[in-house]
Structures are given as C-alpha cells and as structure tokens.
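Report on one structure; see the data block that follows.
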Amino acid sequence: MPGRKLRLSLPGRAWTAVLTTTFAGSVLGLALSCILLVVAGYRVGPALSALLDGAFGGSQECIDTLVNATPLFMTALATLVAYRARIWTVGQEGQLVLGAIFCYGASLLCAGFPQPLAWILPLLAGALGGAAWSLPPAFARVKWSVNEIVSTMMLNYVAVFLLMYLLGHLWSESSATYVQSSLVNDRVHLPQFNAEGTLNAGIIVAIGLAIAVSVMLHRSTFGFELRSFGFNPRTSLFKGINPATTCIKVFAISGAISGVCGAVQILGSDWRLTLTIASGVGYSGIMVAMLGRLSPVGAMLAALFFGALNTGSAAMQLEAGVPSTIARAMQAILLICFLLTEAVGQTYLARRGSDA
C-alpha cells in the first residue's frame, strides 16, 4: 500500500521455528545419509571427507561448486516466482532448453557485433525464448483452467524433441562424434574470470536476477499483486487486480528467468547446443527453491549446498569409491527431511496460534 513499508521480517516465534526446523532437517538428513553409506558398505568418515574436500578443498574446488550452483540458483529463482503465486509449473526444464535454442540462434547472428552487445543480445533472446515457451500453458490455464503441472510437463518433452530435431538437421555438426552443434563464436562468450574459463559472468547475471526478483517481490506493486493472486485469485479482483493478466505475467517472468539460465549455459560454459544442455537442472531447481523456502536468499544457500554435493560427489567417487548415485540419494534424503521438518514446524506454529 502507498505510504507504508512492506513487512519483510517474521515474528520472533516464526524465525525460531524456521531456524529450528532447518537445523533439525540438517541433522536428520545427515544421520540418514550416514546410515545409507553404512548400509551400502562404505566408510562414513572417508566418504564425507572426500565430499567436503571435493567441494571446498581449494580455490578451484570452490569455483567448481559456484559453477555448479549457478544454474540451480537461476532455475530456483524461476520456480519461486511462480510458486509464490501458487502457480505450480514444472516447465523450467523446457523453458531452459528453449532459452538455449533462442540464444544459440541469436549468437550466430550476433557474432560480428561489438562487445558487450554480442553476448547481451543472445542473453535477451534466451529470456524471450523461455518466456515464449511459458505462454501456452499460461493461456491454457487462464482460458480453459488446464492444470499447469500437466501442460508444462508435456511441453518439456516437446522442447527436448525440438532440440533433437535441430541438432539432427539444421544445426548438426557433421564431423562430431556426438549429437551437438558447432561452437559459437568467441565474441559472444560471457566474460571469463579465471584462466580455465569455468568461472564467468553468469554468476553476476544470477546475482542480478536474484536482486531483481527480491525487489519485485517485496518492493513493487506487481509483487503485491502476485502475492494477492497466490492467496486467492478471486478476492484479488476486489483489490483491482486482474487475475488473468497477473497469471500470464508470472508465467512469462518465470519462463524468462529459466531461459536466461539456458542462455548462460550456452554463452558461459558449453558454448554449443547439446542434448544434455539441461540435464535435469530445471527439475533440480524446483527442489532447490523448495529447500530455500521460496526465498531468494534461501534459494542461494540451497543452490550452494546442492552445488557442493554435485561437485563433491565426483571426488567422493574417485577417492572413496562411492558412486554418484549415492550422492543423488543423499540429496533426496536431505530434501525429504527438510520438507518433513518444515511441515512439522508449520503445524506447531498453527497450533500455537490457535491456542493463543
């Protein structure tokens, strides 16, 4: 409301519950992960030591963790924008793929442009591709009340099939052993921050998106509209909010963020289109957003956590002989424990509130 500050803080009791449930989820998840390692026949100490060393053992390991966390963070941002409005899209994977496709096509056209225009325009093209891919399920929900989980999931498969067609025909690199496109021109690469070329400006893009999302959610009129729509689309009409327009805007913003993630993959690290351009990042971003409690800061911490697990699992496999599938199982266990303890905490707060 004009003239009033938005409330960004939680009551002390709520903060205590958040911290308590987070700590409890961490302890429970770690304990169950250790049990999993023991049952699978691996020594807990060497396995966890290898995991930590692989994720944070040196400067290069920390960089690898940041690189792995960046796409997870961006798809988590896309997820939390939609889920704050109670739009349960799972289309981040397909929107990432379309963003990568649009970005690659634009990078072919912008190779002769001066920098930084040569990589800014493909980034914007990626955002456009992701937003465009989010609109069909948005209109389907608004016009015919089609469940967005079903429609976005179906479009994920369509996006992959489109990528397969493009790599098999229009953008196929005939001399390559694998199904992939040719490399983009060096002029469209994102600025690199280390000699190995692994750390790039994509992390700055992700931080910029996080700031923009936070401002939009907490310091803008649209953020108020988004939260009102999520609370109750029908009652938002009495506040002068058009539910259909708000729904479409949320879909488009979420899709654009996922599309930027695909563009960063092309311009920052892969430099070409491949069938594994997404490799589950969109779905993992949903887990990261849920683990981060649909908060930009929480999503950042959760993305770093999952990035560390992804980076450390390779070292755990090499040094302790633990397969990467165990690390993925540990991710699932930790997520379930966090969600379980959060549900218990919310139930506790609700009961305390009713007794007050």
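Along the chain as shown, the residues are counted starting at 1.
Each residue, glycine too, has its Cβ placed from N, Cα and C.
TrEMBL: automatically predicted annotations, no manual curation.
Positions annotated as transmembrane segment by TrEMBL: 12-45, 65-83, 95-114, 120-142, 154-172, 199-217, 247-267, 299-318, 330-350.
The transmembrane segment (299-318) makes contact with the transmembrane segment (65-83): 3 or more of their CB pairs lie within 8 A, with pairs spaced 6 or more apart in sequence.
Taking every listed stretch (95-114, 247-267, 330-350) in turn, the largest tally of C-beta pairs under 8 A with the transmembrane segment (199-217) is reached by 247-267. Between the transmembrane segment (154-172) and the listed ranges 65-83, 95-114, 120-142, 247-267, the one holding the most Cβ pairs under 8 Å is 95-114. With a cut-off of 8 Å between Cβ atoms, the residues of this chain six or more beyond the transmembrane segment (120-142) that come close are 78, 87, 89, 91, 94-96, 98-107, 110, 113, 148, 151-152, 155, 159, 188, 205, 244, 247-248, 251-264, 266-267.
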